[in-house]
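Copied from TrEMBL, the annotated features are:
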TRANSMEM  A:24-45  transmembrane segment
TRANSMEM  A:66-89  transmembrane segment
TRANSMEM  A:95-116  transmembrane segment
TRANSMEM  A:175-195  transmembrane segment
TRANSMEM  A:207-227  transmembrane segment
TRANSMEM  A:262-284  transmembrane segment
TRANSMEM  A:296-318  transmembrane segment
TRANSMEM  A:348-377  transmembrane segment
TRANSMEM  A:398-417  transmembrane segment
TRANSMEM  A:423-445  transmembrane segment
TRANSMEM  A:457-477  transmembrane segment
TRANSMEM  A:489-511  transmembrane segment
Amino acid sequence: MYLADTSSVVLAAESTGETVGTPWINMTIFGAFVLVTMIVVLRASKNNKTAADYYAGGRSFSGTQNGLAIAGDYLSAASFLGIVGAIAVQGYDGFLYSIGFLVAWLVALLLVAEPLRNTGKFTMADVLSFRLRQRPVRIAACISTLAVTLFYLLAQMAGAGALVSLLMGISSKAGQSLVIIVVGVLMILYVLVGGMKGTTWVQIIKACLLIAGVAVMTVWILGLYGFNLSSLLGSAVESTGNSKILEPGLKYGASEITKIDFISLGLALVFGAAGLPHVLMRFYTVPTAKEARKSVVWAIVLIGLFYLFTLVLGYGAAALVGVEAIGNAPGGVNSAAPLLAFELGGSVLMGIIAAVAFATILAVVAGLAITASASFAHDIYTNVICKGKADPRKEIRVAKTTVVVIGLLAIAGGIGAQGQNVAFLVALAFAVAASANLPTIIYSLFWKGFKTRGAVWSMYGGMGISILLIIFSPVMSGSETSMIPGADFALFPLSNPGIISIPAAFLLGWLGSLGGQREDEIKQAEMEVRSLTGIGAEGAIDH
Amino acid sequence: MSEASVRSDDPVNPTDNIDFTRAQVSPAFADLRKKHRSFVFPLAAAFLIWYLLYVVLAIYAPGFMATPVVGNVNIGIILGLLQFATTFAITGWYVAFANKTLDPRAAALRDEMESGVYAAERKG
């Protein structure tokens with residue numbers, strides 16, 4: 001659509017098929033990041049003794065450190081490259097999309113973070129099964145945790161392959177597969193060696209680099225326009241020849257279906273962030289609920305600033321790089337941010353931004369891997385198979401084995417998904433988190449009448465409905481951009497299931513709790529008193 | 001404390017001898033819960049409605065959003081930036097409320113429980 005509008009614009013640079021920037025600079029800076037983080041992870045691993053060390057970093061991080069780590073965990077390469085590109089090409093609709101990712105944090109701040117920290121130890125299931133029957137609830141929560149983290153992980157790994165062609169000049173399939181293997185192996189190493197402490201430090205370092213890099217580019221661009229947002233916007237319109245980039249509608253306004261689809265996506269974003277297991281697990285790394293609150297405050301400030309910066313970067317890329325140059329570059333929309341960095345600061349700045357994008361992938365996948373492994377080892381192995389009586393050292397060994405298995409799965413999946421359109425996986429992860437996890441979290445924290453049957457119905461129902469609707473959506477079949485373009489079994493018109501699956505999961509949780517077995521009222525009293533007062537919550541571990 | 005289990009019936013659990021049912025029905029806890037809920041629930045509902053209103057305006061009233069205000073800055077950009085502003089403001093407001101109203105009450109209750117005000121009669 002935008003191509004038709006801008007076909008008259010003269011290209012500033014012809015970049016078809018060529019790699020901009022210097023691949024060896026990109027690789028050197030990325031190598032330096034890996035080296036520094038490995039040293040930090042090795043140092044952090046010295047005090048890893050107990051399960052609380054391995055899963056929760058000894059609960060010894062400060063709210064500020066954890067806020068940085070949350071930002072590092074949450075701001076994926078898709079947020080950075082994808083949103084800058086979306087704003088550059090689709091204008092306002094990219095900005096509209098980014099806002100949901102920030103506003104969602106208010107759910108975490110107001111309703112989830114502190115009670116979760118007060119009532120759980122390592123995983124989301126700790127909270128959900130606190131006063132309900134352990135076995136069915138833990139199994140459901142673990143399956144949903146694995147589903148969300150694997151969808152997210154696969155999207156990141158496939159994205160890593162695509163990034164290489166853009167940033168390192170590797171376009172062969174074998175070369176990209178090699179990079180996916182390197183990312184997977186590094187992820188396994190970070191988590192095996194460093195546990196949650198190591199993972200947290202990787203995320204903190206990455207968050208500092210990402211936000212600093214984006215801040216420098218933002219000030220640089222604003223400086224070029226005399227710190228006047230209006231003239232930046234004017235220049236973006238002039239360069240693209242399309243005044244529509246300043247108003248909503250370029251992407252989501254195409255038809256009635258795309259409009260409802262965006263509302264559905266917006267709901268999944270707002271309810272999903274506080275249901276992402278890898279985000280929830282971060283709240284256990286601080287000593288108290290007050291520090292958990294402080295973590296969210298820092299996360300909101302950093303994530304908010306980040307998305308404000310991407311607004312400037314996106315319109316800056318439209319103005320300085322141009323929509324056609326972005327569209328013709330090897331990575332398409334995702335190349336907007338690196339091309340903009342090249343435009344501003346040449347090969348060196350582009351190398352830094354490219355390395356930051358890679359560091360972003362590494363930090364996010366490490367967080368996902370430790371979350372999935374903790375959930376399997378702690379929820380399934382210890383609490384379901386061993387009925388809560390497993391040897392903690394054995395549990396950590398199970399967790400470490402799980403990390404290796406997940407890493408290998410992610411590598412295989414990432415290689416297999418090359419060239420596939422897997423961008424929908426992030427939206428699917430948010431939709432499953434919003435439908436399978438958040439309703440049960442909210443009900444079990446705030447509704448006395450909530451029962452095991454309600455939790456199980458809501459979790460499996462929310463998960464099943466989201467996944468089924470995606471399978472029968474245009475994402476899978478029925479259009480040229482589908483995963484299976486040849487077939488057409490797209491019975492559901494929307495690509496985002498949230499608008500159906502989230503209300504359905506809330507409804508199922510309520511319906512399931514109407515009848516069913518009575519729950520332990522003493523445990524309910526204990527959970528409620530603990531969630532608000534913090535009594536009995538585990539503090540930091542001294543070494 | 002045992003690392004392997006989250007179940008609070010661990011023999012070493014320090015909260016073992018607290019009667020949570022009595023604590024739950026105490027006026028002090030009822031007050032804390034009421035203060036907490038009457039603050040966070042309306043605020044959560046308000047920000048959700050405000051976000052949905054913004055999204056619906058952007059999707060169904062693009063013409064209104066395109067109305068210029070200052071130079072190239074239109075209503076859409078301003079409402080979008082306002083979403084950031086309200087998110088930051090709600091964060092600050094909640095933190096101030098929690099520090100001033102929730103934390104002292106929670107700490108007082110915790111102290112009472114730890115000093116045995118809600119001690120359970122030893123069972124078996």
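Here the Cβ of each residue, glycine as well, is placed from N, Cα and C on the backbone.
Keep in mind that this is a model prediction, so the values were computed, not measured.
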Region pair the transmembrane segment (A:24-45) / the transmembrane segment (A:457-477), three or more CB pairs under 8 Å: no
Criterion met for the transmembrane segment (A:207-227) and the transmembrane segment (A:423-445) (at least three Cβ pairs under 8 Å): no
Recorded stretch that, among A:66-89, A:262-284, A:398-417, A:489-511, has the most CB pairs under 8 Å to the transmembrane segment (A:457-477): A:489-511
Any contact, the transmembrane segment (A:66-89) to the transmembrane segment (A:348-377), with at least 3 Cβ pairs under 8 A: yes
Segment-segment contact (the transmembrane segment (A:348-377); the transmembrane segment (A:175-195)) at 3 or more Cβ pairs under 8 Å: yes
Recorded stretch, among A:95-116, A:175-195, A:262-284, A:398-417, A:489-511, maximising Cβ pairs under 8 Å relative to the transmembrane segment (A:423-445): A:262-284
Contact set, same chain, for the transmembrane segment (A:262-284): CB under 8 Å, 6 or more residues outside the stretch: 55-56, 59, 66, 69-70, 73-74, 93, 96-97, 100-101, 103-105, 107-108, 111-113, 116-117, 120-124, 144-145, 148-149, 152, 196, 200, 252, 292, 295, 367-368, 370-372, 374-375, 427, 429-438, 441, 494, 496-500, 502
